[in-house]
Amino acid sequence: MELKTEEEEVGGVQPVSIQAFASSSTLHGLAHIFSYERLSLKRALWALCFLGSLAVLLCVCTERVQYYFCYHHVTKLDEVAASQLTFPAVTLCNLNEFRFSQVSKNDLYHAGELLALLNNRYEIPDTQMADEKQLEILQDKANFRSFKPKPFNMREFYDRAGHDIRDMLLSCHFRGEACSAEDFKVVFTRYGKCYTFNSGQDGRPRLKTMKGGTGNGLEIMLDIQQDEYLPVWGETDETSFEAGIKVQIHSQDEPPFIDQLGFGVAPGFQTFVSCQEQRLIYLPSPWGTCNAVTMDSDFFDSYSITACRIDCETRYLVENCNCRMVHMPGDAPYCTPEQYKECADPALDFLVEKDQEYCVCEMPCNLTRYGKELSMVKIPSKASAKYLAKKFNKSEQYIGENILVLDIFFEVLNYETIEQKKAYEIAGLLGDIGGQMGLFIGASILTVLELFDYAYEVIKHRLCRRGKCQKEAKRNSADKGVALSLDDVKRHNPCESLRGHPAGMTYAANILPHHPARGTFEDFTC
């Protein structure tokens, strides 16, 4: 009987020799190194060239991998034409926070020192610097004899004493059609009571423009009311040395941050602001530093740098002063004038100017901003001064000192996309490595698989020869026994040799009644 030998069973088929594998391998040069010839100069040169190419390949691949993990990015700039564009939100603030005529005796009692109108003894600090008319009014309001102060609220004070858009707005047109003060939404900033045109809030649709150029945007004429400016006898955060308005052009998805991002418009000039919408797309870490997650805030739904800053400043003041400024969101109590002077203003100034670690606001991954180009002309001209003075029932001097015109429009009806892209992606890395492998050693991914497959067969065979596989196979054979093939059984059939045995060698019928008469051994084996 022919059985499989133990060597074949436990060790498997012996792998081909290294020479045979090299001759059939797709790796260039391997057949010349491991040839059947005796060691020669030719084989040594081939081995040297192969090792040199392999070393260069490893150096190049290492450099490519290191470059990939630097996570470089490039910036793509493109301009896209559009049939229409959403007009931006325009927020404007008078640089004077409170109208002098609206400051009551109770306001002066509580906030006079904050506004630098009174000293800590409730006295006018420097009467020589005051205008006679203003001084007379102020002296009357500052007489607190037998005065009983009433409750005071900073939010109510800002709302009541701030400049009213209905008094400031002399003319308004959007795309040639008349607009009014009703199209402006009240918003509080660090400049006090401000107004936003085209806010897109309170159910109002966002206005769109179909053309570029002047006359196709917002044109307003404003009276800044310098006669209502508070007299300046000292330097505080609530007093202003300038006259005019502060303007910020921004997306409807972000709150105004006008004290940091606004630009000034002076009276006596018509200011033209040519805009271009810019859509910026930044990459998240590790290619960039943008914030790809939603904002974790109780005050704002969408993330933006301005929303992050306002949220952070609010938390900072609540933690340090136990109150919030009027322009800050939340439900914490408003700061009193004393808290404004002693804590809130100094704390916020410190946070904005010096503390670079508390408020770290990352760039959002998608951002819309508006590039601006400003130009201006003098207004009124000598020819129009008398007409405007008559039209608004003011003097020519008042017109020159208080009237301004602001014209905001898109330069052209397109938008600019500024997009960060990965400079080197995984596909490029694999392509470079594959190209270098083909150039230096003529290999591919399948070639590498060939090498691993051959190495696996060799290692497996050697481990089995050491006896590990033999012990396992012996345990298996003890359980299963020896397997015989059908041919083996036929060749060793015991019945063949017993055919034709003597007839007398039979069993009695009563022993095996259902069996035919057979030979003694034939019956048991067959």
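Keep in mind that glycine also has a Cβ here, set from the backbone N, Cα and C atoms.
Annotation in Swiss-Prot places C93 in a disulphide bond whose other cysteine, of C194, C275, C290, C308, is C194. As annotated in Swiss-Prot, phosphoserine applies, among S251, S497, to S497. Take the candidates C172, C179, C361, C365; Swiss-Prot pairs C308 in a disulfide bond with C361. If you go by Swiss-Prot, C365 shares a disulfide bond with C290, out of C275, C290, C312. Record source Swiss-Prot places C359 in a disulfide bond whose other cysteine, from C275, C312, C321, is C312.
Swiss-Prot records a disulfide bond between C343 and C321, which is the match among C321, C323, C335. Note on Swiss-Prot: of 50-66, 67-83, the range annotated with the feature transmembrane segment is 50-66. Counting only the Cα atoms, the space from C361 (disulfide bond) to C312 (disulfide bond) is about 9 angstrom.
If one looks beyond the transmembrane segment (50-66) by at least 6 residues along the same chain, the residues whose Cβ comes under 8 Å of a Cβ in the stretch are 29-30, 33, 429, 432-433, 436-437, 440-441. Highest local Cβ density among the disulfide-bonded residues C194, C308, C312, C359, C361 belongs to C194, counted as other Cβ atoms within 10 Å over all protein chains shown. In space, N366 is the closest of the recorded positions E79, C93, N366 to C312 (disulfide bond), judged by Cα positions.
Looking only at Cα atoms, C194 (disulfide bond) sits nearest to C335 among the recorded positions E79, C321, C335, C343.
Rounded to a whole number, the distance between the Cα atoms of C321 (disulfide bond) and C290 (disulfide bond) is 31 Å.
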